[in-house]
Amino acid sequence: MKLKIKKLDELAIIPFYAHKGDAGLDLFSIDESTINPGESKLIHTGISIELPSGTEAQIRPRSGLALKHQITVLNTPGTIDETYRGEIGIILINHGKNSFQVTKRMKIAQMVITSVLSVKVEEVNQLSTTQRDINGFGSTGT
């Protein structure tokens, strides 16, 4: 299966897997920007993609940025649909107490390619019951 990638900016880095067997391809910034505490910013990657049929790309945070700087992807996971051809942008948010400096060519997120199931939607008057039924939000303990 192939993922086609188009560079939109000379600073762009083609995403790659850091290690064999990794689920996520590293994504890189082409921007320099300061994200202040409590602030979110759209960071550009300078790439667009053409996904294989029946797939989506999920944009996920990098664990190191989250642990060390409290920087994460705001709309986790961000979804890139198979038919989208625009630039991939990453919305980063600073949950920390200090300003964070995004630099050009910094690893800012990861992209996981996964299969998508399409379903036929059917409106019904009643759903089947289960042992769990409507219990949620901590109903199995905290």
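Keep in mind that glycine also has a Cβ here, set from the backbone N, Cα and C atoms.
In Swiss-Prot this protein carries:
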- Arg62, Ser63, Gly64, Asn75, Thr79, Ile80, Asp81: substrate binding site (BINDING)
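Where Swiss-Prot records a feature, it is marked here on the structure.
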residue	record	Cβ within 10 Å
Arg62	substrate binding site	20
Ser63	substrate binding site	10
Gly64	substrate binding site	10
Asn75	substrate binding site	11
Thr79	substrate binding site	12
Ile80	substrate binding site	21
Asp81	substrate binding site	11
Cα-Cα distance maximum in Å, computed over every pair in Arg62, Ser63, Gly64, Asn75, Thr79, Ile80, Asp81 that the record assigns to substrate: 26
